[in-house]
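Only one structure is covered here, and it is reproduced in the block below.
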Ligand code: NDP
Ligand code: HEM
């Protein structure tokens, strides 16, 4: 710890500032006395109302926390750049990919999904991997995870899915019945569940894991032609993982282990980096795939759509004000700049609404005026509301107008998406293939020892399920993925021969 930059932050600050002693002031800059006592009538008397310094201190304190993110509350972030290393300008007009060597500043926030702000970094959970590109044309966000896929494919299920993973609302405790119940009833979860409980579910640090856009997006070329694409951001530090027992030990000793690792690496100038790849698919090809290429529970096999190297991401700067630059950092898949576009992925479409809505609740309607969210001078007709800073220099606040206010920008017209079909509810839970890719992962990607570790990891929490019905449904799901997997899980659960009261809880 002694050599850890994060442990010495205050010492460093003092070194730099020791000759600059400053007076305490109120927030309005008025020098104050009485930093350690309130104003009272005599030594034992009551406090007077004109002690506005005390009122400011207490009033500010009561308001210095905001709602945490409803998902991905616990996280850490850093800043750096994306640099183009290979040319893909024939697929996209995005200025980010304009020419080899071009650098675009980025913010990257890592997180875990269900833990609250105080949760331990090293618990089993998917990790968020959200990148904000400060492009020449506004903000582009990739709000992905460290897994190439997700559990479910319809936004209608997302709130229930997240609730099933959070504490039981009656006991406020993690409830393995509800956790596994949801998964056992929605077999599209099988693929992501296997990936999560495999070795990569417990990365050694944020630096040692990949990131993925997960959804299918589109590139748009200069003729407005679409090419569907997926984003893969692969770690240059190498994949490294923790064993479940090591992860549990660290969770107890240092719940901020990943955050500390990231901060210290950057302060020591050991800048972490990732190589940025894309997979591409022509719309004609998408029509003939034997799986739905817009289904977020599926990958695009590398053999059919190989990875194409595009650039690299380097993180070289820590935030200096965590609250302003990370707690108030607001990502959204709807932040998409020209040359890049959405796709027919319905899960992605659900997210386009959810994030700006969450930010207006969490940070207020003017969250885009916070410098970390948009360092650009906006040019639009949004005005006023709580915490307004900008008035756009007195430009008109209505449109159309005759006074030279900003006008529409035809270059950013959405690319045409061709759709047809009957409006209705289409529950894809049982109509899609939920097992083939999960089976390939279990049988072909993992070797024997990795399969065994995956099964042990699954069993380590399934053993807490007290509902026989849930256990049965779950084992049925895993058997449909692969008979050996189902049988091995049954055997391992039987062998445990444990009651639910063995004292180990997660
Ligand atoms: P490939 O053999 O070309 O690729 C296998 C992929 O699996 C590699 O990207 C590898 O990552 C990754 N991988 C290895 N171990 C794990 C793990 N424990 N957790 C997550 N990913 C892991 O096969 P295909 O492209 O045909 O895909 C086969 C299966 O691999 C898929 O069904 C899917 O489950 C999994 N996969 C596929 C990805 C894709 O985009 N096609 C991406 C990630 C996983 P690395 O190269 O870093 O070792
Ligand atoms: C955070 C909703 C699916 C990755 C959030 C937040 C909400 C949300 C409301 C909190 C935002 C905030 O307060 O700042 C949803 C909904 C989804 C969905 C409704 C599906 C319909 C996904 C998927 C991924 C993902 C599929 C990854 C592939 C993230 C990440 C964050 C996040 C990384 C944290 C961003 C940050 O670091 O600030 N999500 N989410 N989400 N979500 Fe989702």
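The backbone N, Cα and C atoms fix where each Cβ goes, and this holds for glycine too.
Unlike curated records, TrEMBL annotations are generated automatically.
For the recorded site, residue 72 (active site), the DSSP three-state label reads coil. Taking a C-beta cut-off of under 8 angstroms and a sequence separation of 6 or more, residue 72 (active site) has the following same-chain neighbours: 111, 112, 113, 128, 130. For 72 (among others), the entry in TrEMBL reads active site.
There are 26 other Cβ atoms within 10 Å of the Cβ belonging to residue 145 (active site). According to TrEMBL, the feature active site maps to 145 (among others).
When other Cβ atoms within 10 Å of the Cβ of residue 355 (heme binding site) are tallied across all protein chains shown, the result is 17. Marked as heme binding site by TrEMBL: 355.
Taken from TrEMBL, the feature domain 'Catalase core' applies to 25-407.
Secondary structure at residue 355 (heme binding site), as computed by DSSP, is helix.
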